[in-house]
Structures are given as structure tokens and as C-alpha cells.
Number of protein chains: 2
Amino acid sequence: MMIDFSLYVITNRDLSRNKTIIEVVEEVIQGGATIIQIREKNLPTRIFFENAQTIGKITKKAGIPLIINDRLDIALAVDANGVHLGDEDLPLKYARKVAPHLIIGYSAGSICEARKAEEDGADYLGVGSVFSTKTKIDAGEAIGAKKLEEIKRAVSIPVVAIGGITLVNLPEVIQSGVDGVAVVSSIIGAESPFQATKKFRFTIDYLRKGKIC
Amino acid sequence: MMIDFSLYVITNRDLSRNKTIIEVVEEVIQGGATIIQIREKNLPTRIFFENAQTIGKITKKAGIPLIINDRLDIALAVDANGVHLGDEDLPLKYARKVAPHLIIGYSAGSICEARKAEEDGADYLGVGSVFSTKTKIDAGEAIGAKKLEEIKRAVSIPVVAIGGITLVNLPEVIQSGVDGVAVVSSIIGAESPFQATKKFRFTIDYLRKGKIC
Ligand code: NI
């Protein structure tokens, strides 16, 4: 499966307004998300599994890859496309050993961390936080768009920018040359996740065509 | 590896008196535990992984099997011997599919649940709670020694009795014909887990020789 990282939407039940994660996922797929990550902390394993299984059916039908945050066991059990890890999760090398063929993403906030993750077998990187954010994304201090560009240049695997990305700062993020942008609160916490996704997707596509320069 | 379920000790950091889970594991192995389960809820994955990895080295050296509660990913990453699941964890069938060769234990509290788990591919059962207990063990109401015996007879896989087992009620548990007893608080919460394990082990061995009848 070729992965389109352009608009990487991350779920978080705490940010959803009276909507289940499943309803939100359906909306963001309709709106043009190219990849979905389920990031739900402190759910009992069975509940996380059941949600992931339901979402997996939706993403499969839509032809959209599904990534599970942290829980390699759930990723494998629901046959998700990948797992996203950070420094509080399983070490990359061990996850790779357990799951040789799974897509494994890793969070990085510096050139050093990015290169280490690439060496350890990451398939892509989540780099940030680009801007400051209240959403906990295992991403530390805000690094800014310039640093993001440096990290993107320092590795050869795809880079997804994450952290505080909005329609306003999207141009400088896209111009850094990253392969995609990860969005949590600006989409999941929006009144209409569908409309928010549509706007992000439209703006990304527009910026990529270079029409803004 | 042949598994001796006789004295199945389950760790729980909340019950340990000023000792790390690693120290407790070393003590209970010295005292005669025949199998260890790490059951730690709400730890970040990385911390759980690191503890499990350290304990895995200790159990391997001692020739004692290591079972991880709930977290199949950690069991696989640290190359533990098995995983123990219950109704809040991954469904047995899915775990079996992910890990065809791992020992998988499952919690059951009735003949029906026990037979279902056996059908779904469990390698052994944790049956209980036999007696009432304050330790949460995914085991529901106390079933008593008579029901335990009925469940043991209803399946052909090994049965480990769990829940509120003490030196006082150990005779009726052993006489039910189970393959082993799982102990949490009576050992982990003891002033000396080493001494407590030694007493349990001695009593189990003694009762099994039939000398009490
Ligand atoms: Ni759990």
C-alpha cells in the first residue's frame, strides 16, 4: 500500500464534541483525510480493540490507511496498517522485531532523534511540536517551521509535521517540504470535523500546487 | 517448555511494601514460585516494557516462565513465555492469531466461560475468584472451592485457582484438583515475599503428597 501522508488526522475522544470516535472518523474520511491514527490513552484494551476494529472496517472500505498509537498488540489484532510510537511506547527496535512488515512511525523533535529513528527502522516520522499546542502528542517544545525543514532534510523517510497546525500556519508548514501534516484538535475539536477536514485538504492541495508563491 | 503451574505468583506494584517489582520477583523466585505473572495496570508502555525486560532476564536465568497480563505487545517484545487475558483485554481468538505459539491464559469464572476459552485456544485457565478478595483480578464474584472443582473437571487444559487464596484455605483449593494456585496479595503484600512464597510452596508440595488426608 502506498501511503499518502498529506492529511493525517489523529482521533482523541477527549476532544470530540458529543461524537463517538467512529462518527468522527467517518466525517474526516468524507472530508478528505488521507490517513487516520487512533490515539486513545487509558482505555481498557477490549474497548480500544473494539473501536479499532470498527474503524478498521471503515478505513479499509475507504482505502485509507489506519495507524494505531502506542498499542502494537491492537494494531496487530485488528490488522491495522501501522503503529505510531514515541519515547513512552515500545522501543522501535523491539516493535520492528515483533512486526517486521508493519508500518512503524516514530515521534521525533530533533535531527538527532529523527536520524536515530530512521536508523532503528522507522517507516516515517511525526515531527514536532511545530507550534505550541495543548494536545499532548509526545512531542515536547515547539520547534518552529525552520527546524521542521532542517529535520525533513536530515532524513530520507517521509515526515509528517505535527503540533498546533491550523489553516493560518499551514502555508509555512507545507513550504518546509514535509510529506504531510498531522492534525488533532483543529479537526477533531471542530464543530464540524467534516468541514474542517475539507478546508485543510483543500488548502494543502492548493498550497502544494505552488499557487501561493 | 513444560509449565509447572503449582505456585503462580502475580506481581502488583500497588501491593508491594517499599520494594520494586524486580526485587519482589527475585524474592518469590528464591522462595519457590514456579511461574510469574506481571500484572501492572496504567503504566506507560515504555516503563512496563523496561520492567518486563528486566524481569524476563531474571526468570530466564532461573528457568521460570514469565507471563504478561493483558499486554500482548509487551509479551512479544520481551519474548515472554505467555500472556494472560481476561474479558477487558484482547479477545482470545485475535491474540491467538497474532501469536500462534505463545502461551495464552484466560480468566474464567464459570463452566461456560471456561469451555469457551478452551475452544478459543487458551492454553490454561485462571479460575476464580475462588474466595472474596480486594485485589482486582478480572474475576468477578467468589465461586468457592466446589465450583472450582466443577470447572476443573469441565475442561482438559490446566486450571490455576485464583482469588483470596491463603495458607488457611489452601487445603480445599488443592483438593479440588487444580494444577496450581495463583497468589497476589498474600505473597506480594507480605512483609517478606520470600518467606510467604516458601510457606505456600511447602504447603502445596505437602498437600499434594496427600499427607493431609
Ligand atoms: Ni489494560
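Including glycine, each Cβ sits where the backbone N, Cα and C put it.
Listed features, source TrEMBL:
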DOMAIN    B:7-187  domain 'Thiamine phosphate synthase/TenI'
BINDING   B:GLN37, B:ILE38, B:ARG39, B:GLU40, B:LYS41, B:ASN69, B:SER107, B:LYS136  4-amino-2-methyl-5-(diphosphooxymethyl)pyrimidine binding site
BINDING   B:ASP70, B:ASP89  Mg(2+) binding site
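Locations of recorded TrEMBL features on the structure.
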residue: B:GLN37; record: 4-amino-2-methyl-5-(diphosphooxymethyl)pyrimidine binding site; DSSP class: strand
residue: B:ASN69; record: 4-amino-2-methyl-5-(diphosphooxymethyl)pyrimidine binding site; DSSP class: strand
residue: B:ASP89; record: Mg(2+) binding site; DSSP class: coil
residue: B:SER107; record: 4-amino-2-methyl-5-(diphosphooxymethyl)pyrimidine binding site; DSSP class: strand
> Out of B:ARG39, B:LYS41, which of the binding-site residues has the smallest number of neighbouring Cβ atoms within 10 Å?
Replying inline: B:LYS41
> Expressed to the nearest Å, what is the distance separating B:ASN69 (4-amino-2-methyl-5-(diphosphooxymethyl)pyrimidine binding site) and B:ASP89 (Mg(2+) binding site) at their Cα atoms?
Replying inline: 9
> Out of the binding-site residues B:LYS41, B:ASN69, B:ASP70, which are near chain A, with a C-beta less than 8 A away from one of its C-betas?
Replying inline: B:ASP70
>> Given B:GLN37, B:ILE38, B:ARG39, B:GLU40, B:ASP70, B:SER107 as the binding-site residues, which ones have a Cβ positioned under 6 Å from some atom of ligand 1?
In response: B:ASP70
> Mean pLDDT, the domain 'Thiamine phosphate synthase/TenI' (B:7-187)?
Replying inline: 94
> Counting across all protein chains shown, how many other Cβ atoms sit within 10 Å of the Cβ of B:ASP89 (Mg(2+) binding site)?
Replying inline: 22
>> Spatially, and counting Cα to Cα, which of the binding-site residues is closest to B:ASP89 (Mg(2+) binding site)? Options: B:GLN37, B:ILE38, B:LYS41.
In response: B:LYS41
> Whole-number Å distance between the CA of B:GLU40 (4-amino-2-methyl-5-(diphosphooxymethyl)pyrimidine binding site) and the CA of B:ASP70 (Mg(2+) binding site)?
Replying inline: 9
